[in-house]
Amino acid sequence: METNNQDAEKLAAAIEAVKLVKDGYIVGLGTGSTATFAIKELGKMVQQGLKIKAAASSIQTEALARSFGIEIIDMGILSSIDISIDGADEFTESLELIKGGGGALFREKIMASLSKKTIVVTDASKKVEQLGAFTVPVEVVPLAYQYVFEQIIKLGGKGMRRIKNDKTFVTDNGNFIIDADFGLIRKPVQLASELNQIDGLLAHGLFINLTSKVIMSQGSEIIVFE
Ligand SMILES: O=C(CO)[C@H](O)[C@H](O)COP(=O)(O)O
């Protein structure tokens with residue numbers, strides 16, 4: 001369960017991250033509760049005159065950004081994004097992440113790939129020694145569902161179809177999510193590369209070499225990993 005303290009940490013990390021946004025930037029907007037704090041802060045800055053355009057990593061984020069008057073551009077026409085700000089479900093000091101708890105991993109991964117700088121904002125609960133306490137979300141094209149599910153088992157994982165409100169969760173791209181439990185992940189680079197080879201698997205939540213900086217808030221302290 002989220003605590004007020006966790007929310008205060010998320011807000012503090014978000015406030016620190018938005019300081020890196022400059023006039024004229026194209027900004028990538030993440031998805032989730034921590035990214036939401038950053039979007040709201042950026043919204044205030046836009047209302048005070050900051051000139052930015054933004055690419056959104058989910059339909060929900062796009063609606064929130066527009067509600068603050070942030071101009072949205074289609075990510076599909078961009079060849080680069082100046083900076084993106086997003087959350088994470090887990091991160092290590094070597095800037096490897098698990099993302100996708102909110103189901104936006106595919107767009108978030110494309111956004112991070114396009115970004116000159118990707119800033120991850122977190123509270124202190126997200127820092128781990130080794131990834132894997134959080135299951136790895138895997139976005140799968142529905143017709144490949146059973147095939148991908150069985151490939152995950154072959155890699156030593158246990159898959160679970162994501163369900164929300166008693167129904168199969170459907171991503172913004174019309175796909176399903178398998179939450180794959182690989183236990184503690186000793187070789188995230190190897191696992192990421194094995195998952196990348198599965199046909200029908202659109203994206204997985206292991207984000208390797210995609211993060212410039214993690215801004216973590218812990219109590220009244222801001223700690224930066226880069
Ligand atoms: O990857 C994500 C969404 O797909 C989020 O960034 C991640 O789930 C963290 O969310 P929150 O900030 O709510 O803890």
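Residue numbers in this text run from 1 along the chain shown.
A Cβ is built for glycine as well, from the same backbone N, Cα and C atoms used for every other residue.
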Exercise. T31, G32, S33, T34, D86, G87, A88, D89, K99, G100, G101, G102 bind substrate in TrEMBL, but which of K126, K127, K154, K158 does that record place at the same site?
Worked result: K126
For this session: Provide the three-state secondary structure of T31 (substrate binding site) computed with DSSP.
Result: coil
Problem set entry | Alpha-carbon distance [T31 (substrate binding site); E108 (active site, proton acceptor)] in Å | 8
For this session: Can you tell me how spread out the substrate site is, meaning the largest CA to CA distance among T31, G32, S33, T34, D86, G87, A88, D89, K99, G100, G101, G102, K126, in Å?
Result: 16
